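For 48-68, 75-92, 112-133, 154-174, 194-213, 273-291, 325-342, 354-374, 610-631, 643-664, the entry in TrEMBL reads transmembrane segment.
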Amino acid sequence: PSCFGYPLSIFFIIINEFCERFSYYGMRAVLVLYFKYFLQWNDNLSTAIYHTFVALCYLTPILGAIIADSWLGKFKTIVSLSIVYTIGQAVMSVSSINDLTDQTQDGSPDNIPVHIALSMVGLILIALGTGGIKPCVSAFGGDQFEEDQDKQRSRFFSIFYLSINAGSLLSTIITPILRAQECGIHSKQRCYPLAFGVPAALMAIALVVFIAGSRMYKKVKPQGNIMVQVSKCIGFAIKNRFRHRSKEFPKREHWLDWASEKYDKRLIAQTKMVLKVLFLYIPLPMFWALFDQQGSRWTLQATTMDGNFGAIQIQPDQMQTVNPILIIIMVPVVDAVIYPLIKKCKINFTPLRKITVGMFLASLAFVAAALVQVQIDKTLPVFPTAEQSQIKIINLGTDNASIKFEPELGHVDVMSMQSTGYMIFETSQLQSLSITSGNKTKLDVIKLPGGKRHTLAVKNNEVDIVVKQLLDNVTSKPEEGNNLIRFINNLPDPINVTMGETSFGNLASLSDSNYELFPGGRQDNITVVRNSMTCSCISKSFGFGSAYTIVINECSGGNLRVTYSEDIAPNTVHMAWQIPQYFILTCAEVVFSVTGLEFSYSQAPSNMKAVLQAGWLLTVAVGNIIVLIVAGASKLSEQWAEYVLFAALLLAVCIIFAVMAYFYTYVDPNEIEAQFDEEEKNQVKKDAEFYEKVAEADSQM
């Protein structure tokens, strides 16, 4: 059966690919944040495990191709590995349910190792599944066409590539939204089970759709794997060359010619072409090392930025959608506009030059990322070292106050109802404070523990100057764009404070509450109960990633008067500043990865495509391993420096590649194939003539 001149079975394959890519990219989009916030790993471990997983996903395709070609056939391989894959996604979803081990019902899992074990099992199954079917699905699609349907086949591959990007685009928009929801049985938490569960469901759908088309597929019998043949041929050549290493054996033109005792000339010639291309692949992993950090380092960078786009609030993991959106726009634009323009300028933009430009652009993108990081670092709070203390003064009185830090470490004036920023002192030096407010002065001996932040609440009441020392136990900027809020009671009576859904309990006069966490970017209702009278007001918006102290100054007649003191500034660098680096990296991807595969296919015989695809995917795997090594070995404390390091490494590799490309000579595999065909024909002709002569001689005897 056919439809628009295409075999009907194709539509099942395309829908299947869309669901599978949705499932994979959706899971991958939230993965690094799942490690960081749910499994509570630090940035470096999260990045390391993320890249280990991606590397695995690109190593397993080689396995998949060999299983399909030598043993099960493509159809059975796709079905059986899809089942493994679906189980993996389901396990991943279960591993992220915090109520699984949350006996205390406090909203965080009590037994983290259980969750880690489950998610590692899930990730290994997913890597086996997604990697194993990757080389089979597109090839299986190609198998569905007849010999004369070349045009339809190439159109199919474009639609196939589009469905990959559509799947990844939709999932990178949707799964972060699901993650940002609150869900849970005992306590409401970020909804990772949903963010992993939807990809699992889609994988199940992909499997069902694929099996549904079973009757229509053209199933080609497994014909033995070309990769295995090529490896054997290379292995034999090396072994044979080693056996004949002494001087008396004549040299051969190419070391692969030592395989000619056992393998035919055609296979050897094809293998030579393949090795020539694979040699050019050696520098390529460095590109992927940078490219795949979109899902790890760049997403972590976005968590320290402001995602408020007016009407919509962008999640840090949604910034990755910039890539597939731009890909869908850029691929046609580059093909239809940019390349023709370059041609008009009489520049010969060869495939290898395109790849070189791609590398250069990716390295630029990381310079851009480093510049953004420097801006972010400026906004991050400075915390005291072990020998330092930080002090901030809040004046709760109606008179202005002047504070001297003794012995002679400076002084500060604080207006009524105002506060200072944090001031840093060497803990050993600061001994006392002299406070003047109104017409009173008070000397206060002070002993602070090192390495902490403190707030001193100063109030001049009728009788005396009251000094309350409060410990601010915030040691880092709030994560995920959340805000930390605490209250100080500046009324003479005890009060009960609630903000939004969160109760801060009872506060005595001039005492402070603990900090509580609130989602960023929204305004909540503050309610105060004082002597059975209730007052309320709407809070200001605290932005993202800030910490505030709110002072309750007046509660009468239902009206509440508060002042705000900023303890940690909100994220001020806007997420839109990440767009330039994403844009440059996407341009790099368009000229690099699209060209890379086309170039490889044009330089090797058609039956060797599987070997090249395996080699190409291997470069992605190695690239992810490079991230592990560089990030682990560099010991750079500054994130911007690591970005610059990666940019420099890629630039160096880019120069090496440019030199290799300069010495590369393009070949036309079809011509070489034609020569062999010609030789074979001649050989058959010669043989026929020879037998004729023999027959003639026979008859004459």
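Using the three backbone atoms N, Cα and C, a Cβ is placed for every residue, glycine included.
Worth saying up front: this structure is predicted, and the values here are computed from it rather than measured.
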Stretch contact, the transmembrane segment (325-342) with the transmembrane segment (643-664), Cβ-Cβ under 8 Å, 3+ pairs: no
The transmembrane segment (75-92) in contact with the transmembrane segment (194-213), cutoff 8 A, at least 3 CB pairs, sep 6+: yes
Distal contacts, the transmembrane segment (610-631) - CB-CB under 8 A, six or more residues away: 44, 47-48, 51-52, 54-59, 61-62, 65, 69, 134-135, 139, 225-227, 230, 274, 277-278, 281, 284-293, 296, 596-597, 600-601, 604, 642, 645-646, 649
Close approaches to the transmembrane segment (354-374) from elsewhere in its chain (Cβ under 8 angstroms; 6 or more beyond its ends): 283-284, 286-287, 290-291, 297-298, 301, 573, 577-578, 580-582, 584-585, 587-593, 595-596, 599, 639-641, 643-644, 646-648, 650-651, 653-654, 657-658, 661
Same-chain residues at least 6 beyond the ends of the transmembrane segment (48-68) whose Cβ lies under 8 Å from its Cβ atoms: 24, 28, 31-32, 35, 41, 74, 77-78, 81, 123-124, 126-128, 130-136, 139, 222, 225, 227-228, 292, 295-296, 610, 613-614, 617-618, 620-622, 624-625, 627-628, 631-632
Tertiary contacts of the transmembrane segment (154-174), as residues 6+ beyond its ends and Cβ separation under 8 Å: 6, 10, 13-15, 17-26, 29, 138, 141-142, 145, 198-199, 317-318, 320-321, 323-325, 327-328
